[in-house]
Amino acid sequence: MASRRVWLGPRGVPALLLLLLLLLGPRPAASHGGKYSREKNQPEPPLKRESGEEFRMEKLNQLWEKARRLHLAPVKLAELHADLKIQEREELALKKLKVEGLDEDGEKEARLRRSLSVILAKYGLDGRKDARQVDSNSLSDSSREDSLDDPRLEKLWHKAKTSGKFSSEELDRLWREFVHHKEKVHEYNVLLETLSRTEDIHENVISPSDLSSIKGEVLHSRHAELKEQLRSINQGLGHLRRVSHQGYDSEAEFEEPRVIDLWDLAKTANLTEKELESFREELKHFEAKIEKHNHYQKQLEISHEKLKHAESMGDGERVSRSKEKHALLEGKTKELGYTVKKHLQDLSSRISRARHNEL
């Protein structure tokens, strides 16, 4: 019987086996330690968040992307970013509470749902064509006209603008107060609508005997919240009427609308003279923080206009520089916006607790 010849490669290795070794390549170094190696027993590294994702919660990322597709102005996007960051922080805190068995009545969860509804309506993300506010941050007369959505406010604004009692800076300040009042009314209407839907659901699925207890435990706080909002709106409207007719008092404590609201609430809360004076000082620091944020907002808008101009000119180097500066300003504006809104939230909570303690 004839013997079979096998062709041998270098050093006597069969050619077929040599080919397989070349194809498979060297084994990775991590496998040398076997199943007990450090590499084998380390947990898989966490998945990195996709580039461009701003938030840990997917639903908030979806809202953020929707806002970007709507081409909101940079300042509006920065404001939305701050609102969503606070919403995310509170929702993550709520998850921890629920794991620990807290929030049994569901009030904190309901409050966060209302908060998200307000954000959706405020930035035109709720699908309603008439919900989006004027998407402009300019203080020129052209953007001011017919944008207050309330004949009473428009009449007061026209009276103030034509009275000759206000400087250009004071008119800018007054306009901010009018817009702030408009936003408070808008938020109140969103809360009112949310409460009405909630009560309708309860009436349809719960027997009348059960409804009374639910209103007592859950809906009562919502009615109290609305009552407080309405009181603040009426107080703010009275303030706007007085200022529009008389002009600004040179000895006024504060200029920023949100700070004025907090100070008015503090003066009617159960605070000692020492506590009120301490709160006054904190409000001064808070107002300075708001002014710094407003400065960066204006710079961001200017940067946005310069970037659009550079892009229209087709100057690649100038576009690159403008984009870099715009990104830095946008990041700083987002950071300051979050800080301001978080500080506002903390101050409002303190005043709310002080007012409730006196009841």
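Glycine residues also receive a Cβ, built from the backbone N, Cα and C atoms like all the rest.
Sequence annotations record features per position, and here TrEMBL assigns coiled coil to 269-296. Feature annotation from TrEMBL assigns compositional bias 'Basic and acidic residues' to 36-53. Per TrEMBL, the feature domain 'Alpha-2-macroglobulin receptor-associated protein' maps to 19-130. The feature domain 'Alpha-2-macroglobulin RAP C-terminal' is assigned by TrEMBL to 148-359. The region 'Disordered' feature in TrEMBL is assigned to 29-53, 310-330. Among the features that TrEMBL reports, signal peptide is placed at 1-31.
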TODO: State the non-local partners of the coiled coil (269-296) in its own chain: residues 6+ outside its ends, Cβ under 8 Å from one of its Cβ atoms.
DONE: 253-256, 258-259, 262-263, 329, 332-333, 336-337, 339-340, 343-344, 347, 350-351, 354-355, 357-358
Task: Structural state census, the region 'Disordered' (310-330) (DSSP three-state) - done: 19 helix, 0 strand, 2 coil
TODO: For the domain 'Alpha-2-macroglobulin receptor-associated protein' (19-130), would you mind checking the mean pLDDT of the predicted model?
DONE: 74
